[in-house]
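According to TrEMBL, the protein has these features:
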{"type": "DOMAIN", "residues": "32-142", "note": "domain 'PurM-like N-terminal'"}
{"type": "BINDING", "residues": "Asp34, Thr48, Asp79", "note": "Mg(2+) 4 binding site"}
{"type": "BINDING", "residues": "Asp34, Asp79, Asp219", "note": "Mg(2+) 3 binding site"}
{"type": "BINDING", "residues": "Thr49, Asp50, Asp127", "note": "Mg(2+) 1 binding site"}
{"type": "BINDING", "residues": "Asp50, Asp79", "note": "Mg(2+) 2 binding site"}
{"type": "BINDING", "residues": "His57, Glu275, Trp318", "note": "substrate binding site"}
{"type": "BINDING", "residues": "Gly126, Asp127, Arg152, Ser221", "note": "ATP binding site"}
{"type": "DOMAIN", "residues": "156-294", "note": "domain 'PurM-like C-terminal'"}
{"type": "BINDING", "residues": "Asp222", "note": "Mg(2+) 5 binding site"}
Amino acid sequence: MTATLRDLGEFELIRAITARFARGRDVLVGPGDDAAVLAAPDARVVVTTDLLLEGRHFRRDWSSGLDVGHKAAAQNLADVAAMGARPTGLFVGFAAPGDLTVDWALALADGLAAECARAGATVAGGDISSADSIMLGVTALGDLEGRAPVLRSGARPGDVVVLAGSLGRAEAGLALLTAGLGQGADAGWAGLVTAHRRPRPPYPLGPALAAAGAHAMCDVSDGLVQDLGHIAAASGMRIDLDLAGLTALAGGAPLRSAAAELGADPLDWVLTGGEDHALVACLPPSAAIPGGCERIGLVLPGTGVTLAGQPTAGRGGWNHFR
Ligand SMILES: Nc1ncnc2c1ncn2[C@@H]1O[C@H](COP(=O)(O)OP(=O)(O)O)[C@@H](O)[C@H]1O
Ligand SMILES: Cc1ncc(C[n+]2csc(CCOP(=O)(O)OP(=O)(O)O)c2C)c(N)n1
Ligand SMILES: [Mg+2]
Ligand SMILES: [Mg+2]
Ligand SMILES: [Mg+2]
């Protein structure tokens with residue numbers, strides 16, 4: 001076969017790869033969700049892993065070692081929370097060039113430790129190698145504490161889609177850095193750049209949404225429309241986003257002024273921007289919406305993600321090969 005990864009795209013590649021793995025009898029939730037759940041020793045432990053590569057996920061001239069440590073931990077701990085689990089431990093594979101300063105490597109460790117502390121977890125192991133550029137492979141574990149895992153596949157018609165955390169801010173910060181306007185940015189723009197460098201997922205709201213009865217949940221790593229698209233597809237449902245609510249999210253002063261400066265659309269950042277690692281969940285209409293969450297849409301029969309009933313085609317999200 002001469003097709004390339006770019007031809008296939010990230011998510012078709014994942015489908016093709018995982019189709020080759022047997023579903024072991026200990027695997028209660030396998031590839032396809034934010035984290036896996038294994039039956040042995042019991043069904044309380046969720047496991048997830050993510051890569052973070054220099055040049056692809058961060059740049060050393062844009063982010064400090066401390067920033068990258070925060071981001072590497074947050075990206076994984078958010079997947080744990082998105083299952084409704086409490087983060088417990090992180091395992092960190094770290095490869096770097098020999099001329100990296102010790103200060104940078106130790107700042108990275110400090111960032112990992114600080115972000116773990118935010119989530120109530122800790123680094124429990126890892127591995128080190130040398131490499132031409134910095135690479136991190138982080139694995140996170142979490143405890144469901146007796147709750148059922150909240151999958152991407154459980155959304156039902158009538159569920160209310162709720163958001164915990166921010167959207168579009170990390171993408172705006174990345175756009176500012178890319179345009180050369182990020183360093184030394186003042187006022188609100190600095191907050192956007194910080195959102196790119198150190199996303200702040202609302203970890204406790206993962207278990208809180210699970211306890212509130214969430215039918216489905218995920219974190220937003222690649223963009224709201226794309227990630228909700230995974231829930232819609234896995235659940236066999238349509239998700240309709242509320243235009244007024246999302247326009248309000250895009251209307252914050254820093255997002256608006258950064259978008260005006262860059263000739264961008266702040267609503268695009270909110271709909272397609274990745275890496276804020278907000279949590280989005282589908283709650284039954286009777287459920288009490290936990291504090292800190294806001295309603296942004298509705299689950300309906302059908303397919304795909306719509307905005308006020310209109311198709312979102314063309315508003316994609318991050319895909320590693322496209
Ligand atoms: N190389 C791989 N082998 C097996 N499973 C994979 C691989 N890459 C991704 N997956 C699985 O595919 C699903 C989607 O991955 P991804 O989009 O990275 O999720 P997330 O955005 O939550 O990190 C996850 O369940 C993940 O475990
Ligand atoms: C230097 C740089 N360029 C581009 C980006 C934007 N970016 C890189 S990966 C990504 C999506 C999230 O990362 P991914 O590895 O897909 O995490 P996952 O979905 O597996 O959680 C985004 C928006 C960035 N963070 N840094
Ligand atoms: Mg995820
Ligand atoms: Mg991943
Ligand atoms: Mg991704």
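Yeah, the Cβs are placed from backbone N, Cα and C, and that goes for glycine too.
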Residue from Asp50, Asp79, Arg152 whose C-alpha is spatially nearest that of His57 (substrate binding site), among the binding-site residues: Asp50
Subset of binding-site residues (Asp79, Asp219, Ser221, Asp222) lying within 10 A of Trp318 (substrate binding site), CA to CA, in sequence order: Ser221, Asp222
Per-residue Cβ crowding (10 Å cut-off), top of binding-site residues His57, Arg152: Arg152
From Asp34, Asp127, Asp222, Glu275, the binding-site residues whose CA lies within 10 Å of that of Arg152 (ATP binding site): Asp34
Winner by Cβ contact number (other Cβ atoms within 10 Å) across the binding-site residues Thr48, Thr49: Thr48
Pairwise Cα distance for the residue listed as 'Mg(2+) 5 binding site'/Asp127 (Mg(2+) 1 binding site) [Å, integer]: 27
Binding-site residues near Glu275 (substrate binding site) (Cα-Cα within 10 Å), from Thr48, Asp79, Asp219: Asp219
Neighbours of Thr49, Asp50, Asp127 excl. site residues, C-beta within 8 Å of centre, Mg(2+) 1: Leu51, Asn76, Phe91, Val92, Gly93, Leu136, Gly137, Val138, Thr139
Those binding-site residues in Asp50, Asp219, Ser221, Asp222 whose CB falls under 6 A of ligand 5, listed in sequence order: Ser221, Asp222
Listed in sequence order, residues with CB under 8 A of Asp34 (Mg(2+) 4 binding site) and six or more positions away: Thr48, Ala78, Asp79, Val80, Ala82, Met83, Arg152, Met217, Cys218, Asp219
Alpha-carbon spacing, Gly126 (ATP binding site) to Thr49 (Mg(2+) 1 binding site), which is rounded to whole Å: 12
Assigned conformation of Ser221 (ATP binding site) - DSSP reduced to three states: coil
Set of same-chain residues at least 6 away whose C-beta sits under 8 angstroms from Asp50 (Mg(2+) 1 binding site): Gln75, Asn76, Asp79, Gly137, Val138
